[in-house]
Structures are given as structure tokens and as C-alpha cells.
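Enquirer: In case it helps, TrEMBL gives these features for our protein:
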type	residues	note
REPEAT	65-98	repeat 'TPR'
REPEAT	327-360	repeat 'TPR'
DOMAIN	381-449	domain 'J'
COMPBIAS	438-447	compositional bias 'Basic and acidic residues'
REGION	438-470	region 'Disordered'
Amino acid sequence: LLKLRFNTHVSSEAQAQFYVTGVLGATQAEIEHHLEMGRKLLAAGQLAEALSHYHSAVEGDSKNYLTFYKRAAVFLAMGKSKSALPDLTKAIQLKPDFLAARLQRGNILLKQGSTQEAREDFEAVLQRSSDNEEAQNQLMKANELEELQEEAQAAYHQGDYSTTITVLERVIEISPWDPESRELRAECYIRMGDPQKAIQDLTPTTRLRNDNRAAFLKLSKLHYSLGNHHESLNNIRECLKLDQDDKECFSHYKQVKKLSKQLDSAEELIQEEAIEKYESVMQTEPNVPYYTNLAKERICFCLVKIKSATEAIDVCSEAHQRDPRNANVLRDRAEAYILNQDYEKAVEDYQEAREFDGDSNDIKEGLERAQRLLKQSRKRDYYKILGVSRNANKQEITKAYRKLAQQWHPDNFQSEAEKKEAEKKFIDIASAKEVLTDPEMRQKFDAGEDPLDPENQQGGGGGQQGWPFHFNPFESGGSFHFKFQYN
């Protein structure tokens, strides 16, 4: 109870006014002011401010049906139909013959899919106003909706998901705020193998129900199955916000979080460590093809980067078999074939990759390089001449050169035919050594250009092709001998 001490110097009228303000929170004048301000702000589209004034008006006078009705109108303008319903119900309780409130409540209930309750409101309006056209039309819709709902359920239970979806399109058109219809259609899409459309239907149901943990869990699992692990994690976290002790949500959360962490950390690591992480991903989730395919694709990429050609070709081929239209896998396998000096297969893979991703500059440039290397290999391949891999270091190149130079030195041969063959081999070996031990020339060669080919040099030909020192010491006659330094 509010205890007041009345000052003897305060008039009895002022005391009474203070009493009314203290107990009810607002005078009649203040209530009228709030209603007027609410009306003006609502007309101006300032909904939040209007709602604040209507809250004050309702607190000041909880017996005025119009105040509740006007606040409901603001809630509806804000798209908060669930908040509007209690105010409409209160207005109807205060004034049972208030037809506008009944009609508005019936419309909301119809959109929510509550056909029986909506029908009762429309019939109540028609009892008092039989010629109300809106009530007549809405009552017809309520009857139609009830029939459609029964038809959709029957088709679903018969396993006719296509028909169910068709019927539910009209159901959702009449009752867009009904979560059950969307959930049923989502289930049909899942059974028909279209998870993306199921996600589109389930997403609004998380807002249409106050505690829709089941929808968040299902959305998380659908995103997970499609490989959207970040979106999956976001949805399962929403479930746990509603109830942190939900066992199903927490169990799935642990799985998604573990996998998502492995994938994210793998992208940040150097290639050798990343391969281990991607292998862990396949162990964590072996049953969802997307993650296995992604892991294989990334391992293929990493193996190419560390120049492990043979293993890369094997893994890339497996990844290609799993996902034949993946342009990234074809691009990476092409690069592995280049490392393996199999240029024809590299060109084939790049050409196929271009069919699936014609806009990629990487694929376009890769194809051009592979074609140059193929053309080059049909002339002279310095790597093959020395018998070294494309990723051989300078020490390996020099060692191979020394061995071959000693083997093919012309002084080791007696007959004129053998000497000529040895001279040709020796020139090629020396040329290969010069190109592959010079970083600038090797880079040009790796890009598909032979730096010793007169066609690629300014001024054209004219010199001795292939001999790096611009003369052939073996041309001075058969009696010429020199001592070769194997440096």
C-alpha cells in the first residue's frame, strides 16, 4: 500500500491529483497525451517511439479497449504479429462486439495456420454483420486452408512428396506464418534430395516459433552435409543459446566445432602440416562426401606445392574420380604431370579444367605454359638430357652433368660415327648444364622458352645452335684433343 503524508498547506484537490498520479501512474490528461503522441508518431512511421507512448497509455488505463487495439496496430506495423495477438484478445474481452479487433485477430490466426480459431472469429463477425465482405472472403480461405492441410498430410503419409510440396505452396500462400507447413515442406525437400530448398523453408521457422531448437539443429546438420561448416556452427550455437544443456545440440556442436577448427587451421599451415590436418578431417568426418572431397582436393594441392609429383598424381586422380567437374583438382594434377615431365597429360587436364572454369586466368595461363612445354619437349628437354627431375637443385644438376659429360666425352670413342654421336650428346649435356644452373635461364625454360634456341633470341639464328660458348671445339678436326674440366 502506498502511504502518503498530506501537507496541511497543500489543497485537497492537489492531494487527490497526487493520489491518482501515484497509484495509476498517469492522469487522464497524460493518458490522452500519450494516445495523441502515439497516433502522430504512428502516422509518421516512427513505430518504436509510437509503441513507447502506447505502452504508457496502457499502463495508465488498462480498461480502455481502444488503447489495446491501437497498440496492437503498432505491433502489426512492426511485423510483430505474435505480440499483437494478446492485445487484440484483451480488446475483444473488454468489448465483445468490437468487430474490427475480431476481424484483425482472425486474419492473424489464419496466417498462423490456426484454421479453427480463425473461423470462429470470422463467424462471430458475420453473426453481427452478415454482409461483411472481408469476413466472408476470409472464412472461405479458412475452409480452403483446412482442406489443403488435410490433403498435404495425406499425400505426405503416402510418400508422394512432390504432390505434398505442390499443395503446401498454396497452404503457405494463405498461412505464411505457420511453421508446421514450412517444416513439412522442408522434410519433403530433404527426402527428395534438395537440402538447399529445405534450408530456405526451415530458416524462417526459427523466428516463427519461440523455442525452435529442433529447427536450429536440423539447419546445422543440413549446412554440415553441404560442407558449409561455418554456417552449421552458427546454427548449432543458436540452439545452445536457447538451452545450453540440450544434449542433441551439444553433441552435434562438438563434432562441428572440431571439424571446423581442423579445416580453418589447415588453411593457415604450411603444406606438410596441412596434409596431416586434412587427413585428420577425413577421419573426423568420413561419412559426408563434401569434406572428404575437399580434403583430397587440398592434399592434392599441397603435394604439388612440395613437388611430390608421383604422390600428387595419385591423390589428385582419386580426387578427380570423386569430383570429376572440379577444375581445381584438374589444374593441380596438370601441374603434377608437368613436374613429372608428362606434358601431353598436363595439356589434356588443363583443357578439361578450362571447360569447367573458362574464366580462370590461372587455368588459361597454365594451359599456355603446358602447351609451350610440350612443344619444347619435342625439341630438347634439358631435364631429360641430364636425367634429373624438374625440381632438382643445383648440386643434383651438377652431379648429373659431371657423370654424363665424362661418359659422353668424344675422346672416349674411336670410330668417326661414334665420335659424331658423342659430340652431339656432349653439346646437349653442356647446354643443359648451362641453362639449368643459371637461375634466369632456368626460369625461362620452366616457362616453356628455350633460352639457347636462336628462334627465342633477338637477332634470330646465325650461331651454333645449342653450344653455349658459341663455338664447337670438336669442329677443328679429328686430330684435335683437349682436356675437359668437370666443374
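Any Cβ shown, glycine's included, is placed from N, Cα and C.
I'd like these features described in context: how deep, what's nearby, how far apart.
Expert: Nonlocal intrachain contacts for the repeat 'TPR' (65-98), taken as residues 6+ away from its ends with a CB within less than 8 angstroms of a stretch CB, comprise 31, 35, 38-39, 42, 47-48, 50-51, 54-55, 57-58, 104-105, 108-109, 111-112, 128, 177.
Within its own chain, the repeat 'TPR' (327-360) is flanked in space by residues 296-297, 300-301, 303-304, 307, 309-310, 312-313, 316-317, 319-320, 366-367, 369-371, 373-374, 377, 381, 383-384, 389-391, which lie at least six positions past its ends and keep a Cβ under 8 Å from the stretch.
For the domain 'J' (381-449), the model's pLDDT averages out at 87.
Cβ atoms under 8 Å from those of the compositional bias 'Basic and acidic residues' (438-447) belong to residues 369, 372, 376, 382, 390, 456 of the same chain, restricted to positions at least 6 beyond its ends.
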